[in-house]
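Visitor: Can you read through this structure? Questions will come right after.
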Amino acid sequence: MQQVWWKTALFYAGVVLIVVIAVYPFYYAVITSLESGTALFTPNFLPEMITFQNYVNVLTQGAFVRSIGNSILIAGVTVCFALLLAVTASYALSRVRFRGRGLLLMTILGVSMFPQIAVLSGLYELVNLLGLYNTPWALVLSYTIFTLPFTVWVLTTFMRDLPIEIEEAAIVDGASPWVIITQVFLPLLWPALVTTGLLAFIGAWNEFLFALTFTISETQRTVPVAIALLSGASQQEIPWGSIMAASVIVTVPLIVLVLIFQRKIVAGLTAGGVKG
Amino acid sequence: MSHADMVPEAANAPKSPPPEVNAGSGEAELQRQRIRAAYLFLLPMLVMLALVAAWPLFRSIAFSFTDASANTIFNGESEWVGFDNYVERSVRSNGEVRWRGVLVDGDWWNAVWNTVRFSLVSVGLELVLGMLVALVLNAEFKGRGLVRAAILIPWAIPTVVSARMWGWMLNDQFGVINYMMMGVGLIDRPIAWTASSDTAMIAVLIVDVWKTTPFMALLILAGLQMVPRDMYEAAKIDGIHPVKVFFKVTLPLIRPAILVAVIFRALDALRIFDLIYLLTPQSDSTVTMSVLSYRELQQFGDYGEGSTMSTLLFLIITGFVLLYLKIGRVDLAGDKG
């Protein structure tokens, strides 16, 4: 038993290291966001002062609050829309045997992992032709390209795991596929819908390339673009305090959500992959 | 969100007759009906994907064969130029042969090399570190839930935010990283991490590895948890060294999980845009295919050349995926056999 204690110590040292590396950058952002003046520019491990001036600046100057609203609206609508289409599609993909199913599944997975830049110029044209440029709808439309395949994929793997018996009973009772989906599967799928919806929401909330390309005015920006383009009085002067405050504002709700739905998120993340 | 909105459609949907489960023809009819319903259910999704994915992809590829610019992209005045954006051979009056186009462009090949280098190193590092984290999380100890929660934080933080956060921490004058490294004597003067061409790629790698190792770890952990515990017990009783158990038993068993995690990450790495665009915007030593293509499209308004680059990136990624699936024999759809 002598040699065991140092192994345990080493193990816990590793654990502490993992936690510190994972959490420290965000902690440092929080500290920075609470400082101003010269304190901001002195590296430190505990806040030298606590002021909410940076938060006040971010929330009152410019259109940051508007950007938060835009992001919530866009991500919310995108996710609802994707889930709506995905529930029926993934029922078909998981419970019905038809020709070309494997190929279709691979195509869907392919689309979800597509390089976004490959469709950028084509989407730019489409968005302009539909008159959606510089509106939230341009982003709702373009985010469908990754939220829809993703939700279909994850829901398909979830549904495939539901026992065949419940469906058989419904078929014997003469239920149509539509009734099976809405009456039998949907009640069982709620947890999966929440997980998938949350993951898709995070994806849409964090998206940058399309948001940067398809909006031009400050009032139409989403949160990531607003943070990326946050500038100070002059070009040279980067307002680190405000940037950190803005970063904390948009990250805290995500972290809270992730911590609440921890188990479900891990299940959802891995549902797509580890079947083989 | 109300699914009730869709109920009227249900009224129109074919009502299935009471199935005669024992009669062969009834079963076949039922099966046909289910397949019809399946196609109907898939239709809205397919239409949407055709509109937002297939059509724009087709148009982007088409642009790569034209001289479209910001001025001509909408009015149809751009002209078909064949493969000139890819490579164009011209003979000058003095007989000198000139090659133009993306495929002979040094900047493009620099971006290709940067992307490949970045992808190899980042995915490699993430695999090793993700494996270590997964092994730690697979052990039973007090506070395991806490650790798992902690590693989800980098994953949840938007890339833009992490680029900004790390940009601040890696700042040459006021950055806490330089401060810490000078404090312990690793370096004797501050490093301009993101600005200097020697360290820009290192900075990008640090941030990317920090942000995405958790994803890798969670996927590998899911694989690890499917390895039966008795296996470890048996090996322990037989007195086999844990390291040997890991390489001989665990690793082969979690191979499918690793293959899937690696391809997900590799695809992400090959198309990386936001982190590099924000953390090292001007650096030639980090510019990737996506960033270069974006610059061409948005900053220079050259839709022909920009689309050529994005098309090449698309082809490279598709080729990589096909090769990977073939070599690794990965069953992504879980549908074989």
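Cβ atoms here come from the backbone N, Cα and C positions, even for glycine.
The shown structure was predicted, so the numbers you read here are calculated from the model rather than taken from an experiment.
As listed in TrEMBL for this protein:
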DOMAIN    B:112-324  domain 'ABC transmembrane type-1'
REGION    B:1-27  region 'Disordered'
TRANSMEM  B:37-58  transmembrane segment
TRANSMEM  B:118-137  transmembrane segment
TRANSMEM  B:149-169  transmembrane segment
TRANSMEM  B:200-224  transmembrane segment
TRANSMEM  B:245-267  transmembrane segment
TRANSMEM  B:309-327  transmembrane segment
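Buried or exposed, and what's around them? Tell me for each listed feature.
Guide: For the transmembrane segment (B:118-137), the list of distant contacts is 144, 147-148, 151, 201, 204-205, 208-209, 212-221, 223-224, 246, 258, 261-262, 265-266, 269-270, 272, 286, 288: same-chain residues at least six beyond its ends, Cβ to Cβ under 8 Å.
Taking Cβ pairs closer than 8 Å, the transmembrane segment (B:149-169) reaches residues 133, 137, 175-177, 194, 203, 206-207, 210-215, 217-218, 274-275, 278-279 in its own chain, all 6 or more past its ends.
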Visitor: So which residues does the transmembrane segment (B:245-267) touch in its own chain, when a touch means Cβ under 8 Å and the partner is 6 or more beyond its ends?
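Guide: Residues packing against the transmembrane segment (B:245-267) from afar: 119, 122-123, 126-127, 130-131, 135, 212, 215-216, 219-220, 222-224, 226-227, 231-232, 235, 317, 320-321, 324-325, 328, 330-332.
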Visitor: Which residues of the chain, 6 or more past the ends of the transmembrane segment (B:200-224), have a CB below 8 A from one of its CBs?
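Guide: Same-chain contacts beyond the flanks: 114, 117-118, 121-122, 125-127, 129-131, 133-135, 137-138, 151-152, 154-155, 157, 159, 162-163, 166, 170, 193-194, 250, 253-254, 256-258, 260-261, 264-265, 268-269, 272, 275-276, 279-280, 283, 285-286.
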